[in-house]
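S.K.: Below, the features straight out of TrEMBL:
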ACT_SITE  Tyr49  active site, proton donor
BINDING   His111  substrate binding site
DOMAIN    16-282  domain 'NADP-dependent oxidoreductase'
SITE      Lys78  site 'Lowers pKa of active site Tyr'
Amino acid sequence: MAGSFALNTGATIPAIGLGTWHAQPGAVGDAVYAAVKAGYRQIDCAPSYGNEKEVGLALKKLFQDGVVQREDLFITSKLWYCNNAPEYVPEAIQTTLDDLQLEYLDLYLIHGPIRLKKGTAPLSENSLPCDIPATWAAMEKLHEAGKARAIGVSNFSCRKLDSLLAVARVPPAVNQVECHPGWQQAKLRDLCRSTGVHLSAYSPLGSPAAAGVNAPSVLGHPVLTSIAHRLQRTPAQVALRWGLQMGQSVLPKSTDEARIKENLDVVDWCIPEELMAEMLEIEQVKLLRAEFGVHPVHGYKSLKDLWDGEI
Ligand SMILES: NC(=O)C1=CN([C@@H]2O[C@H](COP(=O)(O)OP(=O)(O)OC[C@H]3O[C@@H](n4cnc5c(N)ncnc54)[C@H](OP(=O)(O)O)[C@@H]3O)[C@@H](O)[C@H]2O)C=CC1
Ligand SMILES: CCCCCC/C=C/C=O
């Protein structure tokens, strides 16, 4: 097994989770099945990925085939931006639970500090002002009802996390954010460590398929490829191992069985300190910026405002 990190709930979160964003219907079910058979114990889902029903079918088959039992797995899902109004929250989780064919989630996250009009696409003109404390209070009710064993946030800056911690009755267990050698999140990691919030790293490989054609390649960065060469590992393994050594869980997405296995083979070796130090030289570029959250009237005034300068 690939190890785990402690959460402030008393539970643990598996160190490596399978990402499912951009995992196509028709491929995602096989990927989830193969990943769990290979030893993954965390699956990162979201209704906005459009594939929770197929993930649910794969989970059901894994249980029916006796590969694992429900309690062996850690399943995360997220509250989409269109459902941030407190009155929409109970129905949103229930839809996800029905699609995944589960009674409870191990972790339910506010997908981001962004609100969109109900039923609309992520476009700037669909933005609405957010009321994070109100959404959080609705999340706390889900936790109390046992539908989400842990609750947390995603895409929260230091400032937004601090503000939430100041009002939360149940503190967030996790902040799931973009984090890889090309966006290392030193300040946020320090805050998470000092407040007991686990940092979970999304796009840990630099999201090669989603970050855009002009985005710098994390896996192709010369520092990373050079370290990979010296350690006789792949750049993807070095990126993931870097994340684990920084104390964060990592959520690589793959629908390719060989890469699913490659991404799990990051536990019984380590990157020596002097090579970890070399990774500090990598120039920092945030890849997933969420321009759609910016609107002159209803949304954030600028990307700087959305990310509180952490961009
Ligand atoms: N909370 C949030 O707002 C967000 C959460 N996430 C979560 O994090 C997960 C991972 O992030 P994501 O943006 O998907 O990107 P990743 O950084 O995980 O990169 C995934 C891409 O890398 C390829 N890949 C996988 N393994 C390897 C390998 N060993 N060598 C080379 N290429 C590889 C995949 O292709 P292939 O499938 O062909 O192997 C895919 O194109 C998401 O799937 C989602 O679950 C992501 C973004 C935002
Ligand atoms: C504030 C949101 C940034 C995330 C970009 C879109 C990615 C979605 C995948 O979960």
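Cβ coordinates come from backbone N, Cα and C, glycine included.
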S.K.: Counting Cβ atoms within 10 Å across all protein chains shown, which of the recorded positions Lys78, His111 comes out on top?
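M.R.: Going through Lys78, His111 one by one, the largest Cβ count within 10 Å is at Lys78.
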S.K.: Measure the Cβ-based neighbour count of the residue listed as 'active site, proton donor', defined as the other Cβ atoms within 10 Å of its Cβ.
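M.R.: Result for the residue listed as 'active site, proton donor': 22 neighbouring Cβ atoms inside 10 Å.
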S.K.: Given the residue listed as 'active site, proton donor' and Lys78 (site 'Lowers pKa of active site Tyr'), what distance in Å do their CA atoms have, once rounded to a whole number?
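M.R.: About 10 Å separate the Cα atoms of these two residues.
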S.K.: So what's the average pLDDT for the domain 'NADP-dependent oxidoreductase' (16-282)?
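M.R.: Value for the domain 'NADP-dependent oxidoreductase' (16-282), mean pLDDT as a whole number: 96.
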S.K.: If I take the alpha carbons of Lys78 (site 'Lowers pKa of active site Tyr') and His111 (substrate binding site), what is the distance between them in whole Å?
M.R.: 5
